[in-house]
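The topological domain 'Cytoplasmic' annotation in Swiss-Prot covers 1-128. Residues or ranges marked as region 'Disordered' by Swiss-Prot: 1-51, 485-515, 822-841, 873-909. The compositional bias 'Basic and acidic residues' annotation in Swiss-Prot covers 11-45. Among the features that Swiss-Prot reports, transmembrane segment is placed at 129-149, with the record citing sequence analysis. Sequence annotations record features per position, and here Swiss-Prot assigns topological domain 'Extracellular' to 150-1023. Annotation source Swiss-Prot lists N-linked glycosylation site at N199, N387, N458, N497, N848, N964, N979. Per Swiss-Prot, active site is recorded for D415, and the stated evidence type is similarity to another entry. Residues or ranges marked as compositional bias 'Low complexity' by Swiss-Prot: 827-838.
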Amino acid sequence: MPKSYTPVHDSIPEEDHFSSDDESNFRLHRIDRSASRSQSPKENEGEPSILAPLVRKSTDFETYLDSLTEDEQQLLSASKDHDIEDLDRFGDGTAAARRRFSESKKRRKLLAKRGGWRAVYYSKTWWRTLVVVIIALGLLVWGFLKYASTRGDIWEEYDMPGPDSYFPTPKGGTLKHWAESYEKASKLVERMTLIEKVNITTGTGWQMGINSKLTISGPAALVGFPSLCLQDGPLGIRFADHITAFPAGITTGATWNRDLMRQRGAAIGLEARLKGVNVILGPSMGPLGMMPAGGRNWEGFGSDPVLQAVAAVETIHGIQSNGVMATAKHYIMNEQEHFRQPNEWGIPYALSSNIDDRALHEVFLWPFAESIRADVASVMCSYNQVNNSHACENSKLLNGILKDELGFQGFVQSDWLAQRSGVNSALGGLDMSMPGDGLHWADGRSLWGSELTRAALNTSVPMERLNDMVTRIVAAWYQLGQDSWESPAPDGDGGPNFSSWTDDEFGFRYPGSPGDTSAARVNRFIDAQGRGEEGHWNIARKVAAEGIVLVKNVGGVLPLSRSPRANAERPYRVGVYGDDGGPAAGPNICTDRGCNSGTLAMGWGSGTVEFPYLISPIDALQGAWQSDVQMTPYLRNAVMPADTSDKDLCLVFVNADSGEGYISAGGIHGDRNNLFLQKGGDTLVHTVATNCGGPTVVVVHAVGPVIVEPWIDLPGVQAVLFAHLPGEESGNALLDVLFGDVDASGRLPYTVGKSLEDYGPGAQVLYEPNAPVPQVDFSDALYIDHRYFDRNNINPRYEFGFGLSYTKWELTNMKITRLQRNPSRLPAARPPDAVAPPSYDANPPLANESVLFPPGFRILSKYIYPYLPTLEATTPPPPNPEASGSATDQKPHRTKPSDAGGGAGGNPSLYEEVARIDLTVQNTGTRSGQQVIQLYVSFPHTVTESSGQKSHENIDFPDRVLRNFTKISLAPGQKMDVNMTLTRKDLSYWSVREQNWVLPKDEFYFWVGYSSRNLPLGKPFDP
């Protein structure tokens, strides 16, 4: 009997085992059987078999190879053909050739396992992979070139120069109401070291704070300036415990209620302060909603620049009333999720949003200008490019428009990894780099940090610019009174008291640093929501209720009765249908709400929060009726006709979700694929409405407009409510409107078209790249949303500003009063700076050991430091001998300041009131209610500008534009006198030729009414 066979791989560490089908194993078995026929067991006992390796002590593979016997080595290397050929039983060399080939394969495998270059050279898998990669790359290039050849006309269309430049960056501290803060800041900054200045401008890196999404890299400890905590977001405090999940921005915009907008902002600000947050990353006013399918439209307030601006201003006032810095984001033209970030979609470049100067000013800049008038402390620049220049280094946008023309006094921070260069972004107007990491997440390599220290020393970034960056940040801190903040109760230390990365009380101090295990108390579980009737749930519920828009109500089916007339023989039967009507497996079941499960109360992405609780519609409906009512839930989107036919009332819940591009859910990659209901919602409504024994009421929870054409005209669909994204009080707020506890007073913050095409070619998301740098053309941007419908005579299903009420209204006695006599065509001359900005020593400090890591300094992996490892490349360049005069005599080129500037939000004369509109509003119905009075302006029909020596250019305008609104509450029969004003800017257009706002000297027409197409009052006005 042959000696027992020990497989070769039994003595190799587990990770180095051969596969079960390894051919070398099979060959050894064959040879073993062959040898056993010519040798007896006795003969084999005295010498080791070449087929059975000795017992090995070492498990290291290379040691194992070195310990092979000579016979084993000869077999494995196949170095002596005649030794193998002796085993040839066929005698014709065929078997020998096969064995040589087989042993050569074994040799390659063994050498491949030795590591190093041999592992690569002898690895068949590696070579196969290389071939596949080369073929794939070839196909990719071929396909890309083929696509390019078919789309050449489009590529050529975008072969355009970049934007105008604006240098140097205007200094902050030129407006009187910021003067005191800048004076304090300058005294602090002039005492800072270079290291401290850089430290303030650069984030510490992703997950490098113990408590927050991000903490600005270390404090300026020597002068007492703290680290600052920046935290999302637009509808509450992201990642935090014991906070309120407020209704989303789109719901807030649908209230058209300035007071509620401010209350919501104040509550968010108070919760941020109690949680130790210095800067809240909201409100969002970009995207504006040019593309109705845009993934993050729901974070903003609606698809109109004036509505968006009013809501943003009220939110900012609310947040900053509690001493927390608000952030106006995303600046600017961040209108879709596809291709907004480099590398996120497999393309190395972010898309470019291409926009003309007039549309930029009149549409997309409008909310930002108003936010700056409201003294917003921070502006966040966006990921995308604008006219082929990254938004976070676009000097025209940051220096020219934001800091010069609009007079922004706060600081510009990058969106997380939106910074794409070091020196260019500093010179272009960026003041703070977030999260500190450079071109890739959590790699510990910053474009600023130590590189900004080096750039300041070698004068690539002038000290004048660095000092302004730091001063802007510190001045904003003083402006909000954060120098006098008390420590958060009960035992805070002035910093954030919650963790973004764990729900446990104790956790890692630097969770983003591999290998660091230092721990700290990271969660103090401080309740910031408020208690009882003063709790913030009450504000959330009011906003959610007033954000519900009633768009259809046949026969007054709503409001519902809590005591419906029951059939004498059976109880009143109510069916509740749809997954959206019930709870999910948990309100926070998906990270950043990245799934559509259960009732939809917010979209997904970084603009979300953790629900402390979520009242679903079915939860609220359980105790809604007072009489004998039998309610049966069918919380699924597939129902049978038999489930509906015996019901006296059918409530159908459907939705449409979207969010940020880093999450994909249900086949939606950020931006919606279309405007239809999701998860079979259209079929569900059709099935229920055509079979229900009574009226069908449809409730739509959606991130924006949805196409309702498949079912809106069905006789069974008697009421429809757009409930938007209502937050934690979803079900309770819905019942307030369903049963008439409050009036249906929401109004659409967008237009509901009959198809996606109704919104125009410029409103379509770019789903496939059309160039190496994807290009999105906003040539129709002046005609956003309802303006496009009006210009092209398209009948929408429901127009912008539309919404039904439970009562009736009448508008009368419209009167226009001139507040200025013969106002000039152009605004007044730009006023000089009210105060001089701070001045510092412009010379860089000496490059010495003060900028190096201190001796014995403990360096955390991936943490962003301002220190340099060496003094390499810190020497300023020598002066140019050909330049005349000394270096200090040389003055850099300075772009001429804008005539449209001179104050917060622009030239102060732009905001002088030129007209007042008075009217009387009466509630002529039988119920108390609320009404939104909307004021629209039509510009003169013929406005021309000189475009040359002889020719004149006709200036085109939208049919009418929203310019003001107010919301009132009246009892039955009650009257109220209402007035609204218009400013010079409201009646001006942006002249590209004159680079200023121009007031046409011809007849305007002012409209007053209930929506963009229901305007019963109107009068001409000649300024």
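Glycine residues also receive a Cβ, built from the backbone N, Cα and C atoms like all the rest.
Positions of the features from Swiss-Prot, shown on the structure.
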residue : record                      : DSSP (3 states)
N199    : N-linked glycosylation site : helix
N387    : N-linked glycosylation site : coil
D415    : active site                 : coil
N458    : N-linked glycosylation site : coil
N497    : N-linked glycosylation site : coil
N848    : N-linked glycosylation site : coil
N964    : N-linked glycosylation site : strand
N979    : N-linked glycosylation site : strand
Next item on the list: Out of the recorded positions D415, N497, N848, give me the one sitting nearest to N964 (N-linked glycosylation site) by CA distance.
Entry: D415
Note to self: If you count, for each of the glycosylation sites N387, N458, N497, N848, N964, the other Cβ atoms lying within 10 Å of its Cβ, which residue has the minimum?
What the structure shows: N848
Notebook entry, point to check: Looking only at Cβ atoms, how many others are within 10 Å of the one on N199 (N-linked glycosylation site)?
Noted result: 27
Note to self: What are the sequence-distant neighbours of D415 (active site), meaning same chain, six or more residues apart, C-beta distance under 8 angstroms?
What the structure shows: K329, H330, M380, C381, S382, Y383, C392, M434
Checklist line | Close in space, distant in sequence - N979 (N-linked glycosylation site), Cβ under 8 Å, 6 or more apart | finding: R916, I917, D918, L919
Note to self: Please list the DSSP helix, strand and coil residue counts for the region 'Disordered' (822-841).
What the structure shows: 0 helix, 0 strand, 20 coil
Check: If one measures from the C-alpha of N848 (N-linked glycosylation site) to the C-alpha of N458 (N-linked glycosylation site), what distance in angstrom results, rounded to a whole number?
Finding: 12
Margin query: Here's one to test understanding: among the glycosylation sites N199, N387, N497, whose C-alpha is closest in space to the C-alpha of N458 (N-linked glycosylation site)?
Written below: N199
Notebook entry, point to check: Hey, how far is N199 (N-linked glycosylation site) from N387 (N-linked glycosylation site), Cα to Cα, in Å?
Noted result: 32
Check: How long is the line from the C-alpha of N387 (N-linked glycosylation site) to the C-alpha of N497 (N-linked glycosylation site), rounded to the nearest angstrom?
Finding: 42
